[in-house]
């Protein structure tokens, strides 16, 4: 049975085994990078994380987690394959998330760009949102995923800062602020080294307190040593103290020089990878070596060609047999068709003549019907056009009459004038009717008497009276009195 590996996630198992740590070869040493360059890259990466966290206003716990994750990752991966700056960005972003003080990736990238410009002495300008920024952002996100994958999502970091205050209270030195502050500073500086991957936080706290007491010349119990109470060992405390003091004596190289050295190592590795390919190609061309893969491919190709040739021969034989059968069938069909044609030549000629006659008759009929249809359509169109023109002229007349009547009766003076004309016409009609009635009602004797006994002035009087009566009658009729009532009054 195969045995599979497993990942154990426990809070106590946060230290790396001694097999992975220096002086044993690290992944970057296996790639051809010296330990001094690796040490400088670790220092510079941790400094970048610390300054970026200060500018992003993150707590010290986030700084500590970011630096510890940075050291852990590069003990499982090399600086040759991965860029130090991008991994530092990913560690700061991941540490801010772990400590529940998340920041945007854009802010992290801008801060690292600002630090790089300040250190190189270039003019400070903000990072533009272009393709370079988009690529950098994608690289940071991918690096964050790689960190989680390599560490197995074991990102827990136990911070020893609180232990310093507890241990000083036990030693009754908590009131000495200088001692507390220097021990705290040594603790923050020790994060740049790989001490947190080698020893427990308790031993690191004891080493920082002892180093601070020695630098300030504060006496602490030595026989037995005071840190034995907290489970620390002398050799471990001394190793931590020496590793912290080495930071102050060592001066790392600049980032540009380290990048050049790392790029040179990368180019060497690429050349070494390309060399075996070129050697194999040259050997195959010269014929000195016979690699096994081409032979196997040749044998496979020969078998494939043999099988294809057999299949093609079988197919050709089947095709030839089918073509022979088809030719036989066609010969039989042609003989039968010739016999049928000799017997039915005369009948076909007669049918052709009759079909020609019928076709001419049909064409004549078709043309006649088409002419009739065209004539009927032209007539109907002319009638419809005349009707439409008459209808439009009639409409125009109506509209003109209406517009005239409206224009005439628009003003109130014109309306009064029209009313007066109507009254005059009615009064004249009434006068005529009265004359006719009088002529009918009067007898011939009376008329004779009246004509004989006329006075020269009487004619004028009668005319005046008639004129007054007609005017009176017309005024009453206009006020709503009927003609019959006015006639009765005149008789009386």
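Heads up, the Cβ atoms here are built off N, Cα and C, so glycines get one too.
For reference, TrEMBL has these:
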{"type": "DOMAIN", "residues": "47-149", "note": "domain 'Cyclin-like'"}
{"type": "DOMAIN", "residues": "162-246", "note": "domain 'Cyclin-like'"}
{"type": "COMPBIAS", "residues": "267-278", "note": "compositional bias 'Basic and acidic residues'"}
{"type": "REGION", "residues": "267-299", "note": "region 'Disordered'"}
{"type": "COMPBIAS", "residues": "280-290", "note": "compositional bias 'Polar residues'"}
{"type": "COMPBIAS", "residues": "331-343", "note": "compositional bias 'Low complexity'"}
{"type": "REGION", "residues": "331-492", "note": "region 'Disordered'"}
{"type": "COMPBIAS", "residues": "364-376", "note": "compositional bias 'Basic residues'"}
{"type": "COMPBIAS", "residues": "377-388", "note": "compositional bias 'Low complexity'"}
{"type": "COMPBIAS", "residues": "389-440", "note": "compositional bias 'Basic residues'"}
{"type": "COMPBIAS", "residues": "449-467", "note": "compositional bias 'Polar residues'"}
PLDDT averaged over every residue in the domain 'Cyclin-like' (47-149)
93
Of the residues in the domain 'Cyclin-like' (47-149), how many are helix, strand and coil by DSSP?
73 helix, 0 strand, 30 coil
Would you list the DSSP helix, strand and coil counts for the residues of the domain 'Cyclin-like' (162-246)?
60 helix, 0 strand, 25 coil
